[in-house]
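Q: Sequence annotations record features per position, and here Swiss-Prot assigns transmembrane segment to 15-35, 62-82, 92-112, 114-134, 138-158, 179-199 based on sequence analysis. The topological domain 'Cytoplasmic' annotation in Swiss-Prot covers 200-744. Residues or ranges marked as domain 'FtsK' in Swiss-Prot (evidence: sequence analysis): 386-605. The annotation ATP binding site is assigned in Swiss-Prot to 406, 407, 408, 409, 410, 411.
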């Protein structure tokens, strides 16, 4: 019986209700207080008028005598503690008691000089009179009125999140500074016209120390042309590499937009339970003729890994093939068996009875995420030991993600995007988001980090990838001009030049002198602009491969091979990891891959090169293969749509997006290797196809496809165009076409 009572009282919801009932009872006791009721100071035979009875009469008299009106702080504290218990926000009992005592003593001291008929002593009670008389011996009464309100403010600060206060003060200071500067910038030039406030030509108002962007970059203000023929005060900050307008000062989103981690940490299995499960596992292995011993147990938030050392002569493939039989024998959802790199053991992973869920905020607040050596942090989740796993996209340098519907793939991609949004401003990192499904990435449409609105048409997706290739080539030319090898060196050199107030110039040969034959050089000034990282996110690769497979594969290959040093990285996802979507060329250029739960062993081998993904549990459970080809199991964090909506709304309010129209606009030139997917025909390519048909006397789609090295859809469009122009006939009953052009 006591066990069940203890179990009920340990529930946070039950504790909250009990605290609320106690607080309400104290309020009723204090509100129904009557000085004529029986108490410690008076004796009467009449029944007490207090609503709680004789207990309420004595309790109210005690509280009013000692604490006065400040007794209402006690039920207020009960209500606040009950709310915290309800939401699982536990704090130290010492801190809670200290806060209440500090509030009672400070408030009682402030009210000690007020006399009331209801309370014989004072409005602050006996405690207030004692503390006030003691302090007046050493401190002036005026200072006393300043010290104890400070204690009350300290109480309020202890009960409120410091992050909320700091964010409010930052926003308030930004707002006031901005409008004060606008006021002086508008009023002072007009006062100088009438001689009230003369301004010299070289007067400048330096606000560097008053207003700076709360991120790693600096902001340069651009001034509008004034209509007043006077010398206005110039409002400036030392120019750096990126420029944004004065009403679009971008900042990182506050951490308070993310949901707080709930206190739902599941109590793990005890050591005795783990040993018992290990013995059961050994028994099952012995039943199948596998001998060995378990040397270590690693309990994680979702699964528990048993390190099994097989006997000498036991093949690994034999143990791995028993995964389904072990899961059936132990009544487990699934079992994954894999070799642990660097150890002479096999890791047998069994799911826990209760799964631990954790949110993204818990991982963003870790030291691993704050590590500045990680240039492009991607929050992946927690490993088998429960430690945060933060990957660096700059070192990957590209990521391939696969998983079926409901496996947590979309939530994982959202966590990666949000982790980048919390690290970089729009001047430091930009995105190209391609979402043919028009569902997953549409929530980010309109944020200032985008180079173009979310691309949903496959034809524009090819153009966007083509633009990324051109941007990569342009960046390589810029880096070679100043003699650096990567984007980090380029930005460092630009920042160094800006700090020294100099420009970077480079002589370029433009020709030769016709008289002397010596080379002619011209000095070219480099554009002093910092290059941001560009992350290309493709949510569904299968749809793009269906429309223009060859062209997409070629562009992805070029970016994956060369774009790392230029600061362009790709995150590509698909829910159909088949060989026609994830081709050998793509796999060779994406060493870093993530596989969520898939349907079959074949899909697991396609994405990772080995089986195991089909044994995952779903809901964020994944296998991560870094660029070292080492596979580790990771459990992803949860980020809901409400959090994403808050973050995107904040970013939209702080800054407007600056789109580059060329990202999705078809260039005027004709490129024979571009299939825009809408049935249009390139005239140059069409003439080549007609020439091939005339010379070779072959008109099949596959032959034209091989000859021109284009996609099947484009070759079919060319043949249909020839049929309309009367070059070839329509296909007969066997599918062959007759060539109507005469031989050359």
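Note that Cβ sites are derived from N, Cα and C of the backbone, with glycine treated the same way.
Source: prediction; values computed, not measured.
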Q: Around the ATP site formed by 406, 407, 408, 409, 410, 411, which additional residues qualify by having Cβ within 8 Å of the site's Cβ center?
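A: Once 406, 407, 408, 409, 410, 411 are set aside, the remaining close residues are 403, 405, 412, 596, 618, 619, 620.
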Q: So what's the mean pLDDT when you look at the domain 'FtsK' (386-605)?
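A: Mean pLDDT for the domain 'FtsK' (386-605): 88.
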Q: Which of the listed binding-site residues (406, 408) has the least company, meaning the fewest other Cβ atoms within 10 Å of its Cβ?
A: 406
Q: Using a 10 Å cut-off on Cβ-Cβ distances across all protein chains shown, tell me which of the binding-site residues (407, 410) has the largest neighbour count.
A: 407
Q: Counting only residues 6+ away in sequence within the same chain, which have a CB under 8 Å from the CB of residue 411 (ATP binding site)?
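A: Within the chain, residue 411 (ATP binding site) has Cβ neighbours under 8 Å at 620, 636, 638, 639.
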Q: On the three-state reduction of DSSP, what should I expect for residue 407 (ATP binding site)?
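A: SS state of residue 407 (ATP binding site) = coil.
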